[in-house]
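These notes concern the structure reproduced below.
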Amino acid sequence: AGYERVLELDVKLGQVSIRNPRAAPGELPKTFTFDAVYDASSKQADLYDETVRPLIDSVLQGFNGTVFAYGQTGTGKTYTMQGAWAEPEKRGIIPSAFEHIFTHISRSQNQQYLVRASYLEIYQEEIRDLLAKDQSKKLELKENPETGVYIKDLSSFVTKNVKEIEHVMNLGSQTRSVGSTNMNEHSSRSHAIFLITIECSETGPDGEEHIRVGKLNLVDLAGSERQSKMGAHGERPKEASKINLSLSALGNVISALVDGRSTHIPYRDSKLTRLLQDSLGGNAKTIMVATLGPASHSYDESLSTLRFANRAKNIKNKPRVNEDPKDTLLREFQEEIVRLKAQLEKRGMLGKKRRRSSRRKKAPEGEGTAENEGEDDNEEGLEKNMENYLKEQKERLEEEKAAIQDDHSLVSEEKQKLLQEKEKMIEDLRKEQEATELLAIKYKAMESKLLIGGRTIVDHTNEQQKMLELRRQEIAEQKRREREMQQEVLLRDEETMELRETFTSLQQEVEIKTKKLKKLYAKLQAVKAEIQDQHDEYIRVRQDLEEAQNEQTRELKLK
């Protein structure tokens, strides 16, 4: 749109500098340093491999993990989180994470996994389950002293592969609240959270089954922006005030966590901060991706995003592995499978016993039916056993029925009675058959829900892929270390500068000190400008709030 570019990103150093387009000629740009910076030429895979992959690995080991995307509308939050699914190059964090999780499971040995997915959104401070049949139902937050904050009645689906979990995601995305604003035609008007719970059970060194549970929150926040700029009308301003409210609550929580002085952290100010309480300063590893617009017209928003991210960088979390929690579904499923197996075996055994006793009974009766004694009792497998037994019983009953009808010596009443008995026995047999089939189906279904590592793999290519991934991780790690060292070097340089200086003459000393003075003066000006900016920002926010308040007072009077 013909605006100038105000952002400069240094990927190697992990620095972002932003220049004020309305600044005086001599004013310096503001510089922020982060753990990693990705510019316009970076690929989705760079972000995933360097930053997100280690987090997903931790989740698979039983930690809690959260990935946030924060920023102004139209700067690529949803693109970062979801990307273009069809093109492998452009896939975002979520599809890559799905792939990563199920690949890891298929390669693991002697471990059982259960993967569940839930999808919810917070729209106008109300929680909606995106996977529920009834979308109008509002869910409520509850707190459990052991597991922390959770959502009552949130539906979750057990998924066995990437296709299934993608299907769950797509179903949810169709019902998500998006709306068109000036900044973006498919603007996310709600905070969406995709929740993946990975339960893993393996036998520990003590011979006991241990279950670890990792929870992964993938959060796509709604856009943060000024209402005037969005050109939004109707529902939009109301949405925006709710969005800005929950985002400012998020900002307050982060400020409170960072400044170290405040005893109270306002998690309860919004549903979003309450739900992500663990991710902010609690039991979780958290990544925050801040997205920026490079054009001069979004300078204010970009600056406030940078400040927000800069504060968030200083939060200290305390993650730990969730070992053997009480409420795992995996354990319930395993117990259910054992129970069903026992029932099926009992039925199978019953089948054999009955067949033998029926033969013993039959010989004295002498109804004139032929006996096929020569069949083997060692059936293969449970199902065949059951089928043959039931078939045989049915045939025998039919034959007996026919024999009764043929036997003219029986009085007709007796005949009727015997026939009814036989009918009843045939009916019972059918019921038993149905019950057994149901049990077998149930057993199979339960077993298929658990994913067991290391079954369907072409080992060789797998090894190579593993090696490739390891190399990738090493490279990413190297880059990260390089960045950190460079940042360190810059800091040291400033400190050691003064120590090294010995002066040959007074003239030189004056020159060097003048230079230093200028440098410090520039720093002072930058800090002053920063203070002024903060003050302006505060006034602007205050005006926004006052406007909103006046608007509401007016509405109230009207009502």
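Here the Cβ of each residue, glycine as well, is placed from N, Cα and C on the backbone.
Heads up, TrEMBL stuff is auto-annotated, nobody curated it.
So that you can see what the record holds, here are the features copied from TrEMBL:
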- Gly71, Gln72, Thr73, Gly74, Thr75, Gly76, Lys77, Thr78: ATP binding site (BINDING)
- 468-551: coiled coil (COILED)
- 349-362: compositional bias 'Basic residues' (COMPBIAS)
- 368-380: compositional bias 'Acidic residues' (COMPBIAS)
- 348-382: region 'Disordered' (REGION)
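Features recorded in TrEMBL, as mapped to the structure shown.
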| residue | record | CB count, 10 Å |
| --- | --- | --- |
| Gly71 | ATP binding site | 27 |
| Gln72 | ATP binding site | 24 |
| Thr73 | ATP binding site | 26 |
| Gly74 | ATP binding site | 22 |
| Thr75 | ATP binding site | 24 |
| Gly76 | ATP binding site | 17 |
| Lys77 | ATP binding site | 27 |
| Thr78 | ATP binding site | 24 |
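If you average pLDDT over the coiled coil (468-551) in this model, you get 84.
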